[in-house]
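Asks: Pulled the feature table from TrEMBL, pasting it below:
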type	residues	note
BINDING	Gly152, Thr153, Asn154, Gly155, Lys156, Thr157, Thr158	ATP binding site
COMPBIAS	1-10	compositional bias 'Basic and acidic residues'
COMPBIAS	17-34	compositional bias 'Low complexity'
DOMAIN	59-136	domain 'Mur ligase N-terminal catalytic'
DOMAIN	150-347	domain 'Mur ligase central'
DOMAIN	374-497	domain 'Mur ligase C-terminal'
MOD_RES	Lys261	N6-carboxylysine
REGION	1-34	region 'Disordered'
Amino acid sequence: MSRALPDGRRRAGGNNGAVTASPDDPLRPAAPAPRRLGDLAGAFALSPAGPGEGWACVEVTGVSADNRLVRGGELFAAHAGAHVHGARFVPAAVAAGARAVLTDPAGAELLAAADPGVPVLVTPDVPALLGRLAADLYGHPGRALGTFAVTGTNGKTTTAFMVDHALRSLGRRTGLIGTVEVRVGDRAVPATLTTPQPADLQALLAAMVADGVDDLVMEVSSHALALGRVDPLVYDVAGFTNLTADHLDFHGDLEGYYAAKASLFDISRTGVVVADDRWGRRLAAETGDAVAALTTGPGGDWTVTGVEADATGSAFTLAHRDGRSLRTRTDLPGAFNVANAALAAAMVLTSGVAPAELEDALAGAGGLSPQVPGRMEQLGDRPRVVVDFAHNTDALVQALAALRPTTTGRLHVVIGAAGDRDRAKRPEMGRAAVDGADTVIVTDDDPHDEPAAQIRAEVLAGTTGAAVREIADRAEAIRTAVLEAADDDTVLVAGRGHETVQEVAGVDHHLDDREEVRAALALRAGGQHA
Ligand SMILES: CC(=O)N[C@H]1[C@@H](OP(=O)(O)OP(=O)(O)OC[C@H]2O[C@@H](n3ccc(=O)[nH]c3=O)[C@H](O)[C@@H]2O)O[C@H](CO)[C@@H](O)[C@@H]1O[C@H](C)C(=O)N[C@@H](C)C(=O)N[C@H](CCC(=O)O)C(=O)O
Ligand SMILES: Nc1ncnc2c1ncn2[C@@H]1O[C@H](COP(=O)(O)OP(=O)(O)OP(=O)(O)O)[C@@H](O)[C@H]1O
């Protein structure tokens, strides 16, 4: 199946027969075509590290920048990281079957001491080249896919799931990349990063093409944009959800954070920007005619009208100033999910789908209501218990605001904050919890290498009043909140969503908020609580 893209280009859909999907590893193509090192060296100005002979005829069938992911026949890209130089892992990569090494001058120096036994090629800046080289090796798989990208502080995962759901409802085969999982057709594996590293991303796209995927939907994090991880991918349709303070430890200030997010639109043919906040309005003003503004109030190119909220979600109309419109619904709660759903629908319409076609397809698929693990996921109804990934101030404010109108009793929240990052948001999150909920339990999130008690103290610094308690153990905090709640109450367990591992001082502990909630509800049902 192929369809016209916004620029009139047509692309091949599905498997062209050159590469097959790997049956055991959905993230990699099974048999990429071999490439001679001499050809790669010519195309990317790579120099051999030594005078050795015969290197140019050595063939490689893929590239990996992590020895733990190397497969036989691949090129190992060894570059400097924040912690270690990848060249240290060359012996392990070669043992795993790497047939050659690509590194920088520092790496070549490290390797000079002992012959790695495979050809070594050198380039000044490996990360700057890696995406392009990997795309070349795998035959530019991104060009064979319809490509949708979502960025923004909050709502990327939810919106990406909604775009994916809409495309599937239209009968298309999709690939999904994001914080929760990576999915190739019908096979899903848990994700490690929101946006994969360059070599892994291109291998994944090749696996998607091999699997017969039509469209790629992916979340693009600000880190990925700042670090050039998605280079040289060009997106057909980009989407921007919103921007509020987060990741300032990495980007320095909001301006730098905005610039990283905005750069997605430099590598996209068309786009839709939610222009409800000042950053969205600025982005819409700074991008060209191919990027439309969407507002949930009046003023945008796309506007949302006729919102009818009920106990489960909201119905709404999405209309363009050119007359196109559709009516649909989402069963995900809260006004912010109307914005996410409207953005998802507008992105799909921007790719060239007719409104009536999408409206019909969504009507047959329950609207824009995909199951998004750990995003406003309701696990019990008396009391209502909701697990949500809200881990920054705005997300917490929105999640509590979404639950308040449908809570007949009291609203309780369990929150924490992660260690080693963004200290400034801790008291703000404490304040947002006190402002939005009736009672607050402050507990641990992922302390990483920071003392957990200090993190809790910084969250508590933003809180006041007797309705705030500190319970360090997260499972106990969740159990306490669920057992103490009245039947008409709502308990929001915020911050970790789908996550299943809590990292304390370098040690991973299994911890899944949803399991803890289910266990507490079972305890409550068994009448074993006071
Ligand atoms: C800032 C950043 O992008 N860091 C990533 C980077 O780490 P690093 O530079 O410290 O790498 P390193 O550990 O020094 O290793 C150097 C090289 O040696 C290789 N290596 C390393 C160890 C080993 O045993 N074998 C091996 O081959 C590594 O693959 C790497 O190529 O490369 C690592 C390997 O791929 C990533 O795990 C790591 O992500 C860390 C875990 C991370 O926390 N990244 C966050 C900041 C991130 O990117 N987050 C965004 C989403 C944020 C959000 O919206 O919430 C994301 O897109 O996920
Ligand atoms: N449009 C939105 N505006 C504000 N908050 C939102 C919005 N959409 C979702 N949220 C809140 O943010 C949390 C994270 O949502 P989601 O996972 O969809 O975003 P994300 O951008 O992928 O987050 P992250 O990058 O941290 O993985 C949700 O659990 C919800 O509380």
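Any Cβ shown, glycine's included, is placed from N, Cα and C.
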Asks: Looking only at the domain 'Mur ligase N-terminal catalytic' (59-136), how are its residues distributed among DSSP helix, strand and coil?
Replies: 32 helix, 17 strand, 29 coil
Asks: Using the recorded ATP site (Gly152, Thr153, Asn154, Gly155, Lys156, Thr157, Thr158) as reference, state which further residues of the same chain have their Cβ within 8 Å of the centre of those residues' Cβ atoms, listed in sequence order.
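Replies: Apart from the listed residues, the neighbours are Val150, Thr159, Glu219, Thr241, Asn242, Asn340.
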Asks: Mind checking which of Thr153, Asn154, Thr157, Thr158 has the fewest other CB atoms within 10 A of its CB? They're the binding-site residues.
Replies: Thr153
Asks: Which number gives the other C-beta atoms within 10 angstroms of the C-beta of Lys261 (N6-carboxylysine), all protein chains shown included?
Replies: 25
Asks: DSSP helix, strand and coil counts for the domain 'Mur ligase C-terminal' (374-497)?
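Replies: DSSP classes over the domain 'Mur ligase C-terminal' (374-497) add up to 46 helix, 28 strand, 50 coil.
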Asks: Specify the secondary structure state of Gly152 (ATP binding site) as given by DSSP, simplified to three classes.
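Replies: Going by the DSSP assignment, Gly152 (ATP binding site) belongs to neither helix nor strand, so it counts as coil.
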